Every structure is written in structure tokens, then in C-alpha cells.
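Take a look at the structure set out below.
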Amino acid sequence: MVKYICIPCGYIYDPQTGDPDSGIAPGTAFEDIPDDWVCPICFVGKDEFEPVKE
């Protein structure tokens, strides 16, 4: 699964880890996160993320 980076703050969403504090279970692909989810660091929406080039 692809990791995504928050452009404003650099937070990396890792699907293997998810975001348990926001109710996103490990194994959840970025595309499957609800549209109202926000970055846990700077609170921007999903539209401010882009795939990490590995």
C-alpha cells in the first residue's frame, strides 16, 4: 500500500499503521479513509496529501 505525505506539515500516513487516534484502523488504504478525515498534526484535509515517491 502507498504512503501519503501531508504537504503543509510533512506528516506521513502509513496504511500499515493507520491513524488509530482518529479511528482509522491499521491496514486502511488512504483512498478508503473517510473524506472528512484530517491530518492529525495540522488538520488539513485529504486534498493536501500526495503519494510518497519511494
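Here the Cβ of each residue, glycine as well, is placed from N, Cα and C on the backbone.
The Fe cation binding site annotation in TrEMBL covers Cys6, Cys9, Cys39, Cys42. Annotation for Cys42 (Fe cation binding site): same-chain Cβ neighbours under 8 Å, separated by at least 6 residues, are Cys6, Pro8, Cys9, Tyr11.
The annotation domain 'Rubredoxin-like' is assigned in TrEMBL to 1-52.
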Beyond the site residues Cys6, Cys9, Cys39, Cys42: chain residues whose C-beta lies within 8 Å of the centroid, for Fe cation: Ile7, Pro8, Gly10, Tyr11, Pro40, Ile41, Phe43, Val44, Glu48
Fewest other C-beta atoms within 10 angstroms, as judged across Cys6, Cys9, Cys39, which are the binding-site residues: Cys9
